[in-house]
């Protein structure tokens, strides 16, 4: 969802490149698509008669080679591309696969929109909805009754979902909510136009249905958070923080192969999923071992809990409907990323199938992570401390009113974390009254409906190989008895999840529930299977009724854990075609096969997220809120793998009152230099 008529990064197309250059250099099969390859893919589709003036590219991305092929790392392997093409003139959605090596289309399928759903929302459609409504007599009459003109109103183009409204089957729809904009730099979210919503047929460029319950007072608060009248004087008590690595970072990046402190992986990027981490390995004591074959956030959904007719349909799949990778930001040194930064600039296709480079779209850096381990021992006369650090691979995306950061962290001790950072502006509404049960009052007369941000991580596990299993670990309290006379005993219960039907599970904080993923064919020096443990946050799952439309379409969010047998085609938690899909498929359909997952090649799907009851402090712009999960080695190593981490350099762990500062002067290319609190550096 967005008010922008263009994505956060300008639509600057890369120049065409002769097709002969596409295969000039050997590539790893998991390299990101290049601008040359996107040009070539478009040429192949055009020569096949699949691209005309009315054709739009809803998605274009790399088809990753099969898992067995990837293990061989065959350089120069055939590159396959998937394209989702929408032709408005023919009312036709195509799912096409092509080979860059042969220059041929290898498969095509026409979608049935009623059964299969629609292709993702186009960037072009963000602006179309305002054009359609500005020419609609009913919409204009509704604005006139509110003392407004179309020129004063911005319309949020919002995915439609699937509901019981009549005359919608098979149509490509968006729903539009209006916001008054008082001047070009005004933030319209402060002025929601309530009591009015338009259901727009973007294919036929007409209003399908309009709900207008008459004028509602438009909130008059100021939402311009950079306005000195709102923010006040900039504070002067924040002294600079300098992040310096005079010898450079400890990681290396060659192509998309990233190595750091025993870790190595390949960094991928997809217009739909954003960051994709491939082939995560860890090396320790001369042994390189696989941990995860592929890790991504396969879907995220933002369902709203307001039952009013203007908002009861608000459920946004930001990955499957809006493509979080396509909407990624270009990051700025010292603002989005701080320290010695290495950037990657992924390339995506625009609506016309031309490549668009997202300059500095991926940020890679390492950062201090506090104490790694520490102990003062009077018996041994020792006092040892080591500092931790982590490798950070991240990107930020803007999807309408919200901005999301996707952060993958790798630690020295083998820990893997994912963190989502939610910020931006909460979706607003005119508050019916102060006691309204489904929204918070965040400013006088301004409400923010309750909602959730729910994510699905797809983790294609490969702990020491493909033979993996999952066990559920619960704390068990024991009653007093002959074996527990003081009542202090507790133990841990291990439950094997042997089949897919047994592996649909929920977190339980009262039991300290975690899930242990192990390889029964690979034993550590204690004779136990090597493994990793998934630690969930245990926040609420999908809050909507079980028989609601969104519960069917976002079934992945109804449980914290799903485990499936690996299948190449099972990539997305909410399905391939999420936009206006009726639901009832995907993860529940996967587990309905009830495949054996004990000692098999398996995929762990972890649902997590935030339930947001907005606060006044979330207005006019929301401080970052976070959610995520942790994977910790559990029997994967024979002992603490960080014993070989050296202590900090001499003079850095002193006990005096000295303060050390880096020498003054300029900063090297790729360094952010001092953080000055952002004054004049990260704003406009």
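Placed from the backbone N, Cα and C atoms, the Cβ positions cover glycine too.
These come from Swiss-Prot:
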ACT_SITE  318  active site, proton acceptor
ACT_SITE  402  active site, schiff-base intermediate with substrate
BINDING   316-327, 399-404  substrate binding site
BINDING   451, 453, 612  Cu cation binding site
BINDING   460, 601  Ca(2+) 1 binding site
BINDING   460, 601  Mn(2+) binding site
BINDING   500, 590  Ca(2+) 2 binding site
COMPBIAS  675-684  compositional bias 'Gly residues'
DISULFID  337-363  disulfide bond
MOD_RES   402  2',4',5'-topaquinone
REGION    647-684  region 'Disordered'
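Recorded features from Swiss-Prot, shown on the structure.
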residue: 318; record: active site, proton acceptor; Cβ within 10 Å: 25
residue: 319; record: substrate binding site; Cβ within 10 Å: 29
residue: 322; record: substrate binding site; Cβ within 10 Å: 25
residue: 325; record: substrate binding site; Cβ within 10 Å: 23
residue: 399; record: substrate binding site; Cβ within 10 Å: 23
residue: 402; record: active site, schiff-base intermediate with substrate; Cβ within 10 Å: 21
residue: 460; record: Ca(2+) 1 binding site; Cβ within 10 Å: 21
residue: 500; record: Ca(2+) 2 binding site; Cβ within 10 Å: 21
residue: 601; record: Ca(2+) 1 binding site; Cβ within 10 Å: 18
residue: 612; record: Cu cation binding site; Cβ within 10 Å: 22
Considering only the recorded positions 318, 402, 453, which residue has the minimal Cα-Cα separation from residue 325 (substrate binding site)?
318
Long-range neighbours only, meaning 6 or more apart in sequence with Cβ under 8 Å: which ones does residue 363 (disulfide bond) have?
331, 336, 337, 341, 342, 343, 392, 393, 394, 395
Simplified DSSP label at residue 325 (substrate binding site) comes out coil
On a simple 10 Å Cβ count over all chains shown, which one of the binding-site residues 316, 590 is most densely packed?
316
Residues flanking the Cu cation site, with Cβ no more than 8 Å from the Cβ centroid of 451, 453, 612 and excluding those residues themselves
302, 422, 450, 452, 609, 610, 611
Relative to the Cα of residue 402 (active site, schiff-base intermediate with substrate), which of the binding-site residues 319, 460, 500 has the closest Cα?
319
As a test of the contact definition, list every same-chain residue at least 6 positions from residue 451 (Cu cation binding site) whose Cβ is closer than 8 Å to its Cβ.
302, 303, 304, 305, 314, 427, 612
Residue 319 (substrate binding site) versus binding-site residues 453, 460, 601 - nearest by Cα:
453
Note: in the chain of residue 453 (Cu cation binding site), residues six or more apart in sequence with C-beta under 8 angstroms of its C-beta are 300, 302, 402, 420, 422, 609, 610, 612, 627
